[in-house]
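*Asks:* Here TrEMBL flags 102, 112, 117, 122 as oxalate binding site. Annotation comment: TrEMBL describes 115, 117, 122, 161 as Mn(2+) binding site. Residues annotated as disulfide bond in TrEMBL: 37-53. What TrEMBL records for 67-215 is domain 'Cupin type-1'. Per TrEMBL, the feature signal peptide maps to 1-27.
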């Protein structure tokens, strides 16, 4: 049997690295193939992993500016927090650009409940107040820190995390994502308010509680 020469082995290694480089360098969203693609979100548009482009002749300067994050959100809900999205759904110019931002407002003691973003890494900065930021790794290790205005954090893609206002007054943060639409899996709603519902016996077994406990929790999220 002929043994491959060292030069052949090296060549094969180089080829493998070259094949893997595009995968290693890829971002959360595909790279754009044009300067911009302002989303055309008309009723009869078809969405295929993004939105079709508005004709360039119909694009105006206003399409590239968004003031939604200037507005203080209404935190009068069960969690005492509200997320204002600056993603492609309400800022169509982000289409194909692979970025988005959120504003999160907190009442005193407010919580942005445990959730994850399946399509993006999150970074953020505290603008006002004092906020506890925490996340849990796939190895079940919990990392957290209390942050003050001006301090930043990062949440690796897909990991469960939360933010809680631990200061004496209101708080708000700005977050950024490497996806035009990072998605959010909010655990309380996902587990206890899905449509149709997750069977009670699944949740009682998972959480080792009685059925009446599961029903009580579900009742808090029913519309």
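Each residue, glycine too, has its Cβ placed from N, Cα and C.
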*Asks:* Sequence gap of 6 or more, Cβ distance under 8 Å: name the residues on the same chain that satisfy this around residue 122 (oxalate binding site), in order along the sequence.
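*Replies:* Residue 122 (oxalate binding site) has long-range Cβ partners 154, 155, 161, 175, 176, 177, 182.
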*Asks:* At the Cα level, what's the spacing in Å between residue 117 (oxalate binding site) and residue 37 (disulfide bond), rounded?
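*Replies:* Each residue's Cα considered, residue 117 (oxalate binding site) and residue 37 (disulfide bond) end up 24 Å apart.
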*Asks:* I need the neighbours of the Mn(2+) site defined by 115, 117, 122, 161. Which other residues of that chain put their C-beta within 8 angstroms of the C-beta centroid, in sequence order?
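*Replies:* Apart from the listed residues, the neighbours are 116, 135, 155, 159, 160, 182, 184.
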*Asks:* Return only the integer: C-alpha distance in Å from residue 102 (oxalate binding site) to residue 115 (Mn(2+) binding site).
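*Replies:* Cα-Cα distance, residue 102 (oxalate binding site) to residue 115 (Mn(2+) binding site): 14 Å.
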*Asks:* Using the Cβ center of 102, 112, 117, 122 as the oxalate site position, which other residues in that chain lie within 8 Å, going by their Cβ?
*Replies:* 83, 104, 115, 124, 155, 161, 175, 177, 182, 184
*Asks:* Please identify, from the binding-site residues 102, 112, the residue with the sparsest Cβ neighbourhood, meaning fewest other Cβ atoms within 10 angstroms.
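*Replies:* Counting other Cβ atoms within 10 Å of each of the binding-site residues 102, 112 gives the minimum at 102.
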*Asks:* Measuring Cα to Cα, tell me the gap between residue 115 (Mn(2+) binding site) and residue 37 (disulfide bond) in whole angstrom.
*Replies:* 30
*Asks:* In whole Å, note down how far the CA of residue 112 (oxalate binding site) lies from the CA of residue 37 (disulfide bond).
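*Replies:* Counting only the Cα atoms, the answer is 32 Å.
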*Asks:* Given a separation of at least six residues and a C-beta threshold under 8 Å, show me what packs close to residue 53 (disulfide bond) in the same chain.
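*Replies:* Listed in sequence order, they are 34, 37, 38, 39, 40, 95, 96.
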*Asks:* Pick out which of the binding-site residues 115, 117, 161 has the most other Cβ atoms within 10 Å of its own Cβ.
*Replies:* 117
*Asks:* How far apart, in Å, are the two Cα atoms that lie farthest from each other among 102, 112, 117, 122, the residues recorded as binding oxalate?
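*Replies:* Across 102, 112, 117, 122, the widest Cα separation comes out at 14 Å.
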*Asks:* Over the span of the domain 'Cupin type-1' (67-215), how high is the average pLDDT in this prediction?
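*Replies:* It averages 96.
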